[in-house]
Amino acid sequence: MLKVIQLDKTYGSNKHSLKNVNFTAQPGEVTAIIGPSGAGKTTILRSINQLIRDDSGQILLDGQDIRQANKAGLRKIRHHIGMIFQNYNLISPLTALENVLHGRLGAKSTVAGMLGLYSNEEKTEALELLDEVGLKEYAYQRCDQLSGGQQQRVGIARALMQHPKMILCDEPIASLDPKSTKIVMDILRRLAKDKQLIILINLHQVDIAMEYADHVVGINSGAIVFEGATKTVDDDVLQKIYRQTDDAKTVVSANEN
Amino acid sequence: MIENSQPKPKTIQPVAPQTKHVSLVTRPRKILRGVLAGLAIITIYSLATLNNGNLVFADAFKSLGVNLNAMFLHPGVGQDTFGQLLRALVTSVSLAMLTTLLGAVIAFFIAVGAARNLAPSWLATTIKAVMAFIRAIPTILWVLIYSVVMGLGASAAVVGLTFHSVAYLVKAYSESIEETSQDTIEALKASGVGFWPIVFQAILPSIVPALLSWTFIRFEINFANAVAVGAAAGADDIGYFLFMAGSFYFNFHEVGLIVYLLLAVAIVLELVSMKLRGHYLKHN
């Protein structure tokens, strides 16, 4: 279980700041963080694996406070947190298989990591994971020759290669067409159920959040304004999450249509 | 409020067109013309006062023709055998290869410290400044400086050439590293991967084509330098033979042959580098 308690982060400008953020995310569930642009969705996600250092608060993953970890401890914790990105962030001249194997680098010694020495078991596992996301026949393709949806699935396989407790997804479908979006979201939901992972997703598409998430965290101007089961989200809640911003009207009306 | 000191007519009256001189010459162009005129004056003055040492120009040009003819149309071996020359040529190529390889390996590690997206900015700035200083001094001078310490010969040539290669390649490599996307680096950092594995597994594969082409350019430079350095440091390579044939034995046939040999090597290097680059850009 992920438990975020009283997380604060101040930037020079008010944008992206966090104010007293509290929420929980359960294994086996897809938790969506929704809110207007600039509300701090990405800041929350990046605070959880400490890519952004926050000012104060607690981030408990299975009871262990990530913020208290030292450098080596943090690397160990990060190794059990997968992350996928809007722009996939794969090493594009390498093959899909090599990119998936990168998920094991964090578990290796410096020398083995530098030289990229992988055991046969690891290679077999990487192939199985590619199969699991439906890309077995693309294992030896360079990643820049894959479509966006395929690259995102390679990203998911790379995250799974870490044997994660949790996968953080930073706008994973923002660059994808509807068909690829469905494939990626279906995979993420299946992973949450089958492997009992914590799946935490930043989304700006409310309809996708409604369709796939079990649990919704609404954020506005850096503060949590709603947290609850997806079925309890109604128009009033959405109004509250998206109030006073221009995206609010467009997103909510798009959702109603 | 806006009162001019001179009273203006209230109605617009036809003004007699003023025939003012219109110049097309802008300020920079005036400066350029001044510089060119100055240079022309200096040239004319120096030609007029030239001490030609009672040279007969017709004869001088004739001997030039004879020498060029001997060099390029009748190349041949002089005091040295063809085998000796070829061995010296191989020495030059080896000198270039060794210094480029040594330089490339050392430069890669220093470049990691000089890249702003990897190293702290004070370190990157310091390294870049030191490397710029080393680059500003020509290779041949470094060889001479090292020959003070190590004595004239091959060791001074190797160290001096490597030294300048490192400074050159650090700049090229660190700029290539800086072009890699911060996002891909962050993706691996987020999964708990340490610094050196990220450098070798994420950054290196992304910049192989750039590294290869910079290294090859430096190889070509080092070959040219090796010839010059060989003459200066007495490294017993083709440059030394060229120097001896040209300035000691005055054997212009041999000078011509050596120039042709160097040209052949330069062409081969260019062809190989083109092939190599093409291959890597296509397949990697």
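Residue positions begin at 1 at the first shown residue.
Even glycines carry a Cβ here, placed using N, Cα and C.
Automatic, uncurated: that is what TrEMBL annotation is.
The transmembrane segment annotation in TrEMBL covers B:31-48 (among others).
The feature domain 'ABC transmembrane type-1' is assigned by TrEMBL to B:89-273.
Sequence annotations record features per position, and here TrEMBL assigns transmembrane segment to B:95-119 (among others).
According to TrEMBL, the transmembrane segment annotation covers B:140-163 (among others).
Taken from TrEMBL, the feature transmembrane segment covers B:195-216 (among others). Long-range contacts of the transmembrane segment (B:195-216) within the same chain: residues 100, 104, 108, 112, 118, 169, 172-173, 176-177, 179-181, 184-185, 188-189, 269, 272-273, 276-277, 280-281, 284, each at least 6 residues beyond the stretch ends and with a Cβ under 8 Å from a Cβ of the stretch.
Long-range contacts of the transmembrane segment (B:223-243) within its own chain (CB-CB distance under 8 A, at least 6 residues past either end) are made by residues 80, 84-85, 88-89, 91-93, 95-96, 99, 139-140, 143-144, 147, 152-154, 156-157, 160-161, 164, 254-255, 258-259, 261-262, 265-266, 269. Taken from TrEMBL, the feature transmembrane segment applies to B:223-243 (among others).
If you look at the transmembrane segment (B:255-272), the same-chain residues 6 or more away from its ends with a CB under 8 A from one of its CBs are 70-77, 85-86, 89, 92-93, 216, 219-220, 223, 227, 238, 241-242, 245-246. Residues or ranges marked as transmembrane segment by TrEMBL: B:255-272 (among others).
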